[in-house]
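According to Swiss-Prot, the protein has these features:
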TRANSMEM  17-37  transmembrane segment
TRANSMEM  51-71  transmembrane segment
TRANSMEM  76-96  transmembrane segment
TRANSMEM  113-133  transmembrane segment
TRANSMEM  138-158  transmembrane segment
TRANSMEM  170-190  transmembrane segment
TRANSMEM  205-225  transmembrane segment
Amino acid sequence: MEEPLTVAAIFRDPFNILAISEVLKVVAAVGWSVNYIGMVHRAWKDQIPSIGILPLCCDIGWEFVYAWMFPDFSSHWQGVVRVWFFLHSAVLLVTLKVSPNDWVHTPLGHRHIVFIYIFVTLVFGAGQYALAAEIGPALGFHWGGALCQFLSSSCGIAQLLSRGHTRGASYLIWFARAISTFAGFIKLCIRFQHNVDGAPWLDSPMCWFYIVTVLSFDAAYPFLYSSMRKLETPALRKESRIKNQ
């Protein structure tokens, strides 16, 4: 019988492959938390949302379902999903505060921002619950989280392209997301090989498509961000010269 993966067990045998997977889980947990805190800071500093409406509402819906409705199926994260729920709630509050600056060109949306965010969050929450009812909470936890990660990475790219500037974004937000995603994928591969946490979903071609796509988005992001920064610099200098004249 395998020894439970406690902190003491990890220190006794730090090179055990499952112990390494636990360390990767901690890296992912801390990384995502830093990502959310970074979004709060950047959104407040730049007075513009740091995350799109779809990934934010999907994340909150997923976290609510598995933190409060099916907590047993996120128990291997030892309460981290609840921490993420509260951190994302802070992201939502700041986003609602600064969203009018980003929705100024959409009068209808500008007038109903709070309703839109609440409605989309409820829809994603209902969808996550329906997915859990359809395929079971164990697989639903993984596949629902996969959708969250896909939206987070893809919408980060889309946000840069649609805005044409880097306000609301930062290397810290990207790095925390990328390292957490990569660590999480390696952890899942290890646990799949050892049949831990019920992860049969990794033998799915769709799962590998999702993994490759998300990693590709995260790998491309810093290059796009850097290109945007280079385009912004001359424009900012020109604006500064005009103000000083």
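Each Cβ is built from the backbone N, Cα and C atoms, and glycine gets one as well.
As the structure is a computational prediction, the values presented were derived from the model and not from experiment.
Between the transmembrane segment (138-158) and the transmembrane segment (76-96), the number of CB pairs under 8 angstroms, six or more residues apart, is fewer than three, so the stretches are not in contact. Of the Cβ pairs linking the transmembrane segment (17-37) with the transmembrane segment (113-133) and spaced 6 or more residues apart, fewer than 3 are under 8 Å, so the two regions do not touch. Against the transmembrane segment (113-133), stretch 51-71 shows more Cβ pairs under 8 Å than any other of 51-71, 76-96, 170-190, 205-225. Long-range contacts of the transmembrane segment (170-190) within the same chain: residues 17-18, 20-21, 24-25, 27-32, 34-35, 38-39, 42, 50, 142, 149, 152-153, 156, 196, 199, 202, 211, 214-215, 218-219, 221-222, 225, each at least 6 residues beyond the stretch ends and with a Cβ under 8 Å from a Cβ of the stretch.
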